[in-house]
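Peer 1: Annotation source Swiss-Prot lists ATP binding site at GLY12, ALA13, GLY14, LYS15, THR16, THR17, ARG118, ARG153. The Mg(2+) binding site annotation in Swiss-Prot covers THR16, and the record cites sequence analysis as its basis. Annotation comment: Swiss-Prot describes ASP34, ARG58, GLY80, ARG137 as substrate binding site.
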Amino acid sequence: MLRHIVLVGMMGAGKTTVGLWLSKAKSIPFYDLDQLIEGKERATIPEIFASKGVEYFREQEREIVKQVAYSSPGIVATGGGTLLNPSNLWLLKRYGRLFYLQASLDLLWTRLKNKTDRPLLLGKEPKVILEKLLKEREVLYKQADIEIAVDGRTVEELGELLWSYWETMEKTDPR
């Protein structure tokens, strides 16, 4: 394995869940950017947002992306907003293959509506906020090498499909 498998998409799309499953199934290192930031900061994402702000979080995210990009190839679960920074997108594309886990607004809402650990959704109309974020970010997610529809698929199905795409890409375009 020469490049990272980079999972991109909205919060709630299943990046961490699919990444962990694939990591275990294929014995490949797993990097969860949000978890790495939380470990570095010794605080949860909502705590970081509340105490230090979004800009500070994005700076920490940028540093973690650099570290992971240069690490041993593995599976990388990005945060929903990781690609908002052009340098993150560039680094991740340079050192990995990007897979967009595309989930419908309805599926995302079903998964997220009762969560309290999503600071960007803490407002009067969280579903409206979620829809707005999806529309704003989708153009970035679509810069991925492959788009995989999540709705109606199990974690195992998604992992195997992703791995199949990965193997084909590595054989036909090793970069």
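Positions of Cβ are set from backbone N, Cα and C atoms, glycine also.
Just so it is clear, the model here is predicted, and its values are computed rather than measured.
How about a rundown of where these features are and what they're close to?
Peer 2: A simple way to gauge crowding: the CB of ARG153 (ATP binding site) has 17 other CB atoms within 10 angstroms, across all the protein chains here.
Proximity of THR16 (ATP binding site) to non-local residues of its own chain (separation of 6 or more, Cβ distance below 8 Å) is seen for ASP32, ASP34, GLN35, ALA77, given in sequence order.
A simple way to gauge crowding: the CB of ARG58 (substrate binding site) has 15 other CB atoms within 10 angstroms, across all the protein chains here. The secondary structure of ARG58 (substrate binding site), as reduced to three states from DSSP, is helical.
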Peer 1: Could you state the whole-number distance in Å separating the C-alpha atoms of ARG153 (ATP binding site) and GLY80 (substrate binding site)?
Peer 2: 20
Peer 1: Considering only the binding-site residues ARG58, GLY80, ARG137, which residue has the minimal Cα-Cα separation from THR17 (ATP binding site)?
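Peer 2: Out of the listed candidates, the nearest Cα belongs to GLY80.
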Peer 1: For the recorded substrate site formed by ASP34, ARG58, GLY80, ARG137, which further same-chain residues have Cβ atoms within 8 Å of the site's Cβ center?
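Peer 2: Everything else in range on the chain: MET11, GLU61, THR78, GLY79, GLY81, THR82, LEU83, LEU84.
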Peer 1: With DSSP assignments reduced to helix, strand and coil, which class does GLY12 (ATP binding site) get?
Peer 2: coil
